[in-house]
Each structure stands twice: as C-alpha cells, then as structure tokens.
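Undergrad: This is the structure, below, for whatever I ask next.
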C-alpha cells in the first residue's frame, strides 16, 4: 500500500490549467451563457492527471461508510471509475468492486448495458466529471435502480455552483429530486480562491460578475 497523499484543490487546479482542462477567458456554453471559464475533464488524458483525479475521488469515498460498488457512466466516467478503484486499493488498502454501462445494449456474450461488478443489492456511488443539466445522471440512476441497486451518492470533479433554469443548481436539483448526496472535488469558489491567491484580478472580477448573475 502506498503512503496516502491527500488531494489538494489547488494542486488539481494547477494541473488542470497546465493540461488545458481548465481555461479562464470567455466561453459560450450550450445554455447560451457566456462563462468566464471552461472545464473539460476529457483532457485529463495522461497518467499523472488521471491519477490525481482518482486520488481525489478515492479520498472522498473513504470518508463514506456505504460504498458497495463504484460506477462510471459511459463514456467519460469509465476511466475515472477504473482509476479510482486502483487508487482505493493502492493508497487506501480498500478493494472496491467497480462497473460501468454501455450506451447500447449488447445482445451476445454477457449481454445488457451493465459491465463489471454486479450492482444488485449494492449501495452504489456514481463517479462522473460534472453535472450540467443532470439528464445523464438521471438516466444512469434509472438503469442502476432497475438492476436492483441503491444509489448511495454521486461524486463529480467540479461543481459550477450556478443556477439552472430555476433557482437551484443542477446538482441541487439532482440532490432534491433523487434524495442523494452529490459531492465535488472542486467548486467555483475554489477557482475564485485560487485566482485571488495568484493575484489574477481581471479573471477574478469576471468570475465574481458571473457568480453574481448566475450563482447559487
């Protein structure tokens, strides 16, 4: 077992910036909002970056006592959940079953849409990058419940801490509707604290203006 190294938001933010995963500037989102930052976890595409992300997820999970299976929604969540299972074993000495889903059902071999550890009768944590509208998470929750799972909670890399169409954020809507906890490794506030510490006044001012307009 490796000596545990705690996940630090600042270290993750710096790595995300160095990989182009996180960018500050002006970005038009699918919602039409013009955001002062952009986060694309798909660019965590090397071993160091994926390892740090997985360590963050693993550190969160070991604080929970209801982890039966960890699950990564297709497709982006698949490498995240696999790496998290490795981090749980190597760093924390916990061997946790993991699985994922296919986008399309398979009609031969093991069949179905679920791959990996059985979720039937298990408390399942879902691991993903972000919750934007919550549609994908709701679909996965339905699949898992139909397979006999109990949803213990959701872990995401980033909480944008901004409202959806109503007064709640997408994460708050998921928490309220599905009655499950959603935890994030970093939040918009962490990004603002980082910019403040680095003296990035213009970027920080843009973030503050955006949060005043759309924040929760």
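Placement of Cβ uses the backbone N, Cα and C atoms for every residue, glycine included.
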Undergrad: 38, 39, 132 bind orotate in TrEMBL, but which of 102, 160, 163 does that record place at the same site?
TA: 160
Undergrad: Would you kindly give the Cα-Cα distance separating residue 39 (orotate binding site) and residue 131 (5-phospho-alpha-D-ribose 1-diphosphate binding site), rounded to the nearest Å?
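TA: Spelling it out, the Cα of residue 131 (5-phospho-alpha-D-ribose 1-diphosphate binding site) and the Cα of residue 39 (orotate binding site) are 12 Å apart.
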Undergrad: To test your reading of the orotate site: which residues beyond 38, 39, 132, 160, same chain only, put their Cβ within 8 Å of the Cβ centroid of those residues?
TA: 29, 35, 37, 130, 158
Undergrad: Out of 103, 129, 133, 135, point to the one nearest residue 39 (orotate binding site) in space (Cα versus Cα); all of them are binding-site residues in the record.
TA: 129
Undergrad: Check the Cα-Cα distances from residue 30 (5-phospho-alpha-D-ribose 1-diphosphate binding site) to the binding-site residues 38, 132, 160 and tell me which is shortest.
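TA: The smallest Cα gap between residue 30 (5-phospho-alpha-D-ribose 1-diphosphate binding site) and any of the binding-site residues is with 132.
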